[in-house]
Amino acid sequence: MTIPAPLAELLERNKEHQEYVKSMPSPPLDMPTMHKWAQENGGGVMVITCSDPRLNPYRILGVDAAREMKTVMIRNAGGRTFDALRSLAVLGTIGNPGTIVVMHHTDCGMTHFHDATVKKHLYEISPEGGDEIEGIKRYGEILGSIDDSIKEDVAQLRKSPFIAKGTAIVGLKYDVFTGKLEEMESWTR
């Protein structure tokens, strides 16, 4: 199989990464040590955000993953929490974050692409996939404002039984045109 050019370029860049990865420490791999490590490091931060390439959460928040292993990024279309809950549940049992950040952004594609449109395209790709297409209750559309979507997602986390008591939940809005972050919602479980 011939590797498509965009992937070939990414694989070439991996050669630079191979030296960088040698400096990254490994986290503890047993649960008691991991919990202790997380507590000693302030519980860590999990950021749920969009997969839009204009939104680079590591850069926006100044996170160097090699030095700050207590920061985890969960990215999906629209940065929606309903897609992130499984990851939050798993990662929460490992490291018990002290803070969860919901970071949405202006000009998000999910304000332009609605669930009905996504379903229509999925039926075109896979006419036989109706049960699976209809089985997904939400695809992540944002019907109101970005502010509203942040509040909705923070509210979902507030109700989730998978979020430990004492966890701070913060909603941030990132402006893709100015680079400015604005706090929209804040709550501690």
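Cβ atoms are placed via backbone N, Cα and C, with glycine included.
Keep in mind that TrEMBL annotations are predicted by a computer and have not been checked by a curator.
Feature annotations, reproduced from TrEMBL:
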| type | residues | note |
| --- | --- | --- |
| BINDING | Cys50, Asp52, His105, Cys108 | Zn(2+) binding site |
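Feature map: TrEMBL annotations on the structure.
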residue	record	CB count, 10 Å
Cys50	Zn(2+) binding site	23
Asp52	Zn(2+) binding site	19
His105	Zn(2+) binding site	23
Cys108	Zn(2+) binding site	23
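Surrounding the centroid of the Cβ atoms of Cys50, Asp52, His105, Cys108, where the record places Zn(2+), the chain contributes additional residues within 8 Å, namely Thr49, Ser51, Arg54, Leu55, Gly78, Gly79, His104, Thr106, Asp107, Gly109, Met110, Tyr174, Val176.
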